[in-house]
Amino acid sequence: MTGKFNMSDRRNWTLEEEDVMITILEGIVADGGKCDTGSFRPGTYELIASKMREKIENITITGKHVQNKMKRLKDKYSAAYDMLNTSGFGWNDTNKCVSVSPEILEEYVKKHPNKNYTANRPFSHYERLVTVFGKDRATGNMAESAADALDNMGLETEESGTAGFTQPSTTPSNVASASSDPNTGETSKRKRKRNVSSTTEEITKVFEKSMERASVDIAKLTEAITGGDAMTRLGVELEGMGLDRMQVIRVAMYFGNKPNQLCIWNGLNDSYKPDFVKAILEE
């Protein structure tokens, strides 16, 4: 009997209990109680249950109760969040709900069937849950699909060349403003295309300049190895030594095939050069 009772982790929550739990969560987030991945640190559910027992007299609550409640709130928050990031949806600050026309809602529900939250119904905790959950929405059917992940990776790649990136606020008013303009998406796409085109042109120019510099460097390197117009001077030197035309050609071809030997030739005393030529012709 006892084991069967412990497996029952369902409980009915009052509005006061929800409010106290969210207040505790806000404090945990403010104190850095979330990991870099966006999830809460181990032991958070038990910590919240303990704090709730301190604040609410005679409450019977466990860490599992808190975990289940947080999951339901997160699913509800995720559903509302997705709606507010869809054109045609907005936030009604008076009624504290996601607002939309019946026609748009009908089409939306066909594509995104979801029972976690229904638009036009009050969701008083949404603005506070933005602080608690933020963009950490990978739960249930609200998890980002592989296709969405690839799309988002593409956007990051296209925009990586821009100077700085500021994470947009997820407050309802900002989301509503962004979603109220149906042309915003198309405008952003055109801007990204212009950015990609501009970046491509800049890369091409940098590449062309790099090739020009490389050509100059190669020319300088060749000149350093061959001695520039040293081959011309070599011919004059060889003719001055009394060599015939074929001997001049043979010696010139030798240095052409072994440019490093030309460096030795240029460094030699003139009195040694006839012996150098004789050694070449005798090979």
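If you go along the chain as it appears here, the first residue is 1 and each next one adds 1.
Even glycines carry a Cβ here, placed using N, Cα and C.
Taken from TrEMBL, the feature compositional bias 'Polar residues' applies to 163-186.
Taken from TrEMBL, the feature domain 'Myb/SANT-like' covers 12-108. Mean pLDDT across the domain 'Myb/SANT-like' (12-108) comes to 93 in this model.
TrEMBL lists 158-201 with the feature region 'Disordered'.
Secondary structure by DSSP for the domain 'Myb/SANT-like' (12-108): 57 helix, 8 strand, 32 coil.
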